[in-house]
Amino acid sequence: MATLLVLHGPNLNLLGTREPGHYGAVTLAQINQDLEQRARAAGHHLLYLQSNAEYELIDRIHAARNEGVDFILINPAAFTHTSVALRDALLAVSIPFIEVHLSNVHKREPFRHHSYFSDVAVGVICGLGASGYRLALESALEQLAANAQPK
């Protein structure tokens, strides 16, 4: 049984009401519930945290190493374009991660085109709405299964 951690950055607590044209009508609670059910059905454990505070996300990443978290799914939200500290935390714990964005950041304002995470992530999923989280979970589970196979 693997343990996966889902991290949601700033303002994602407002999903469902915040700019639904960009982010959709699905709430964060619905996303977490869907992911938790899918992980459990596959025999795995899922943890999650949403925070508007960078240091809380960093502290949670640090704790993940000591808890034996096997994979991280992260939507850094606005921290995508600003947070070297979050990037450094992810690199420091050496837990593979997938970067997720609800909207297609490349179709938005130019300042949203740069990510401090994409070049060190296992993969990036953007622009697919809440389905992006499901696809990221499926990919993480596939990778964990492949890595568990004897070579």
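For all residues, glycine too, the Cβ spot is worked out from N, Cα and C.
Swiss-Prot lists Y23 with the feature active site, proton acceptor.
Taking Cβ-Cβ distances under 8 Å and a sequence separation of 6 or more, the neighbours of H101 (active site, proton donor) in its chain are N75, T80, V124, I125, C126, G127, G132. Feature annotation from Swiss-Prot assigns active site, proton donor to H101.
D88 (substrate binding site) falls within a helical segment according to DSSP. All protein chains included, D88 (substrate binding site) registers 14 other Cβ atoms within 10 Å of its own Cβ. Among the features that Swiss-Prot reports, substrate binding site is placed at N75, H81, D88, L102, S103, R112.
The site 'Transition state stabilizer' annotation in Swiss-Prot covers R18.
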